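Asks: Once you've had a glance at the structure underneath, I'll fire off some questions.
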Amino acid sequence: MEENKKTMEKSVGFTEEQDALVVKSWNAMKKNSGDLSLKFFKKILEIAPPAKQMFSFLKDSNVPLEHNPKLKPHAMSVFLMTCESAVQLRKAGKVTVRESNLKKLGATHFKTGVQDEHFEVTKQALLETIEEAIPEMWYPAMKNAWAEAHDRLANAIKAEMKEAHDQLDSANLIINMEENTGSCFTEEQEALVVKSWNAIKNNSEDLSLKFFKRIFEIAPPAKQLFSFLRDSNVPLEQNPKLKPHAMSVFLMTCESAVQLRKAGKVTVSESNLKKLGATHFKSGVKDEHFEVTKQVLLETIKEALPEMWSPAMENAWGEAHDQLANAIKAEMKKADHDHQANVEDKPSS
């Protein structure tokens, strides 16, 4: 039992004695939490007046602080969260702010430019507020207990701020990738793609069907990725939805290749690209599926114009396909991120 107790104290860093001091003092002052929360917030702004700029409801307000209608509910929310997290810290073994709320706190603090020194200000304001509320109970051990509890919550928020920062870096990387798309597509590659497309586009209807049929010859399980084929007993060539879908995909791929150098980027409209990313993510498309479509595209074009086909033309079409695939993958990554965020925001049962 004693060993378990030591393990718990080591992992949480919050002792039984600290827990008792925090609980005792919170019980003595929580009935007055409305007034204390306002005092706490006013103290923050007295210690660090520029911090006012971090709150949207205070930034451009000319109303005296105590008359601002949004201050009290916000102050109450922050003060209660801080104190109740402290009270639950040892029992729960962790900061008890709900994960989705903690994530939101991290994102908000990161967005508003909160720094480590701001957490030191809230810590000072919290300790002074509690000391003034219960001077007869205040002494160094209690101060240390509340400071430790505050730091635990601050560290949890900082961890989420770092996550928000990393996600922004990732998003910027995707944007840079998208902005640089097309820059490595040479004039020679463009000429080869345009020349070959002009030679085959009048036959694009037949080629698109051939393109799609070959996908399922190489990778039969890929059929399961398409709702209109998944549960269909109709022969592939008789499926009424196959032809328009095949035409749409084949034309988009080829026309995107033709426009790639001129536009400097994949020319699928942003909304369609976003939809493509979401659909591909939802359907479970993987990197290997893009390799299949690349192989099939190259084989289809090669068979359509064998007399023009060359290694240089193969490389040009391969590069154009990869640029489109990378743009779709970037949107799939965003869709995955949005999905994870939605899952985390759902309350656990």
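In case you wondered, yes, glycine gets a Cβ from its N, Cα and C as well.
Residues annotated as heme b 1 binding site in Swiss-Prot: Ser56, Lys70, His74, Lys104, Thr108, His109. Residues annotated as heme b 2 binding site in Swiss-Prot: Ser227, Lys241, His245, Lys275, Thr279, His280. The domain 'Globin 1' annotation in Swiss-Prot covers 13-162. Under the heading domain 'Globin 2', Swiss-Prot lists 184-333, citing sequence analysis as support.
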Asks: Using C-alpha positions only, work out which of the binding-site residues Lys70, His74, Lys104, Thr108, His109 is nearest to His280 (heme b 2 binding site).
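Replies: That would be Lys104, nearest by Cα distance.
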Asks: Specify the nearest of the binding-site residues Ser56, Lys70, Thr108, His109 to Thr279 (heme b 2 binding site), where nearness means the distance between Cα atoms.
Replies: Thr108
Asks: What are the non-local neighbours of Lys70 (heme b 1 binding site), defined as same-chain residues 6+ apart in sequence with CB under 8 A from its CB?
Replies: Phe57
Asks: Using CB atoms and a 10 A radius, I'd like the single residue among the binding-site residues His245, His280 with the highest neighbour count.
Replies: His280
Asks: Within a 10 Å radius around the Cβ, which one of these binding-site residues has the most neighbouring Cβ atoms: His74, His109, Lys241, Lys275?
Replies: His109
Asks: Check the Cα-Cα distances from Ser227 (heme b 2 binding site) to the binding-site residues His74, Thr108, His109 and tell me which is shortest.
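Replies: Nearest listed residue in space: Thr108.
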Asks: Could you give me three numbers for the domain 'Globin 2' (184-333), the DSSP helix, strand and coil residue counts?
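Replies: Across the domain 'Globin 2' (184-333), DSSP assigns the residues as follows: 122 helix, 0 strand, 28 coil.
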Asks: What average pLDDT does the predicted model assign to the domain 'Globin 2' (184-333)?
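Replies: When the pLDDT values over the domain 'Globin 2' (184-333) are averaged, the result is 88.
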Asks: Relative to the Cβ of Lys104 (heme b 1 binding site), which residues of the same chain, six or more apart in sequence, are found under 8 Å away?
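Replies: In sequence order, no residue meets the Cβ cut-off.
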Asks: Provide, as an integer number of angstrom, the distance between the C-alpha atoms of Thr108 (heme b 1 binding site) and Lys241 (heme b 2 binding site).
Replies: 46
Asks: Let me make sure I understand the structure: which of the binding-site residues listed (Thr108, Ser227) has the fewest other Cβ atoms within 10 A of its Cβ?
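Replies: Least crowded of the binding-site residues Thr108, Ser227, by Cβ count within 10 Å, is Ser227.
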